[in-house]
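Peer 1: One structure, pasted below without further comment.
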Amino acid sequence: MRRLSVALLKRRCFSSFTPVLPPREVVEPFCDLSDVVSPRQLSPWVPQILALLDGSPAMESNLDAFCRKFLITLSASFVSHTLRSVSDPNTATRFFSWASTQPNYSHSLDCHVSLLPLLDPSALHLAVQSLRRANLPLTLPAANSLAKTLAAAGLVDDLLWLLRAMRDSNLHPTLLTHNSLLNALVNASLVDSAQRVLSAMRHGAPSTKPDLVSYNTLLKGLCKAGRTRSAFATVREMEEENILPDEVTYMTLIQACYNEGDMDSIVRLYHEMEDRGVTVPPHAVSLVVCGLCKQGRVMEGCAVFENMARKGWRAPNAAYTTIIDGYAKSGSLDKALEFFERMKMDGVEPDEVTYGAVVGGLCKSGRVEEAMVYFRFCKGNGVAVNAVFYSSLIDGLGKVGRVDEAERLFEEMVEDGCLQDSYCYNALMDGLCKCGRVNEALALYRRMEQEGCEQTVYTYTILISELFKERRNEEALKLWDEMIDKGVTPNVVCFRALSIGLCLSGKVSRACRVLDELAPMGIVLDTAYEDMIGVLCKAGRVKEACKLADGIVDRGREIPGKIRTVLINALRKAGNADLAIKLMHSKIGIGYNRICSVKRRVKFQTLLDS
């Protein structure tokens, strides 16, 4: 019995015994913890942990099993380093959450900072709010990294919180922190605030004086906001601080000037870059060349092109195309074609825009057959043929009287999948009108309306002008009213077509009435009266021109001196030099006659009195 009791006691003691495991080892990402050793040797644990971060459903279980097997706990530094090596946001977030469940572990600020750049904007904002609530102790490197992340995401409020937290922790924001704030403010279009920050930096501690990056960031914001003058003033401030503009500075200014069409400033900046030895990037050269050519300054653009080509610059397709287009539009078609051949010899492949410029130039010069050759070449060699191609050819064929071919091309557009836009419709309408086929042009106008194509002021100008020539005045006036009702704003050319038609049909007062109706709409046509007087004089209707001039002055629509000058020029251009001289040496229009005690202005109609 005694032996049985001893056996039971032994069994009970052995069954309740649990082996005590040694404490887990906290592993770091590097073998040598000293910062003096360089380069630092990576811990063998890092690649093994990274291999387990496969994003599988069992990822967390595998991490648990691995750490339990080898009795290790990952340190906050290890977690931070590992997060910087992970590219998938979901995997990184899961690893971050798993790490927080380790025994005796808490995330450091570095862990949060390493995770944040991987998150999308909405998740990033939530993560930053969580970080703010955690109230973790700040370190300068972590704060700078966090500032960079917040700036890139445009989280200005969070960035301002970070700056306050740094000051509360007796950490002085560095130049990098201030530059991050500048970048965030600029990206949020808070340019005035960015200017105040830069001003504070200029008058602050020497360690946070603005550098080239600071100024370039502010310049980007000013130019983006359209404040180019302020941008140039900022550059002058830079130079006063002995900070010279670099390639980025000039590129920002050139792009802003290009958007505003300020070509003189672009050329000046380009030459300044060359004089200072700043590398002119290819894109800047393209902007200079393209901008000059678009303003009709093709020779200057070509000079810049040749200068850079001598320095080994390989011009892009856009630069060649712009010069070709510039030459073609300025009437130097042969030079355009020479440059086109040079482009191919230089190994730059022309695209549909280049061919479109060549075809457009040929059509404007009446060389339609050559244009058709290029058109067929493009279709046969897989070069995309767009609506610009078709509108140029339709316009060219219409101008030389080949309207039937123009109509066939117009219908062919649909087969090629090209949209028949207002340019194509207008070109075909113009061709039909020039051939006297006004009814077909009107049918095309109605088709244009049915298909939802925008009718432009040029559409109405073509039809109104031709209807007046055909003496279909009421139809022309009806079209004018339609145009106004649809909200299409008439321009000088359109009103000229209407006023000429009305004046030549003896309805001068109607033309004046239409002009008066435009004024309340905010449409002021400066040369309208000049055009009306000119057309009457040219038609030999000087009496009506003088009557119109008197009416203009009497109703206070224009000052007498200006109308007198207009009438003199109109008479001279119409070949009535004698009347022009008579008017010039008289007091007609500007002088007064006294009848008893009443002064009356000398009427223009007295010009024809013998």
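Every residue, even glycine, has its Cβ placed from backbone N, Cα and C.
Quick paste of what TrEMBL says about this protein:
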| type | residues | note |
| --- | --- | --- |
| REPEAT | 211-245 | repeat 'PPR' |
| REPEAT | 246-280 | repeat 'PPR' |
| REPEAT | 281-315 | repeat 'PPR' |
| REPEAT | 316-350 | repeat 'PPR' |
| REPEAT | 351-385 | repeat 'PPR' |
| REPEAT | 386-420 | repeat 'PPR' |
| REPEAT | 421-455 | repeat 'PPR' |
| REPEAT | 456-490 | repeat 'PPR' |
Peer 1: For the repeat 'PPR' (456-490), DSSP counts of helix, strand and coil?
Peer 2: 26 helix, 0 strand, 9 coil
Peer 1: Please report, as numbers and ranges, the same-chain residues at least 6 past the borders of the repeat 'PPR' (421-455) whose CB is under 8 Å from any CB of it.
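Peer 2: The answer is 387-388, 390-391, 394-395, 397-399, 401, 403, 406-407, 410, 413, 462-463, 465-467, 470, 472, 483, 486, 488.
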Peer 1: By a Cβ-Cβ criterion of under 8 Å, what residues six or more beyond either terminus of the repeat 'PPR' (281-315) are in contact with it?
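Peer 2: Residues 247, 250-251, 254-255, 258, 261, 263, 266-267, 270, 273, 322-323, 325-327, 329-330, 332, 346, 348 contact the repeat 'PPR' (281-315) from elsewhere in the chain.
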Peer 1: For a three-state summary based on DSSP, what are the helix, strand and coil counts in the repeat 'PPR' (246-280)?
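Peer 2: Per-class counts: 28 helix, 0 strand, 7 coil.
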Peer 1: Determine how many residues of the repeat 'PPR' (211-245) DSSP places in helix, in strand and in coil.
Peer 2: 26 helix, 0 strand, 9 coil
Peer 1: Please list the DSSP helix, strand and coil residue counts for the repeat 'PPR' (281-315).
Peer 2: 26 helix, 0 strand, 9 coil
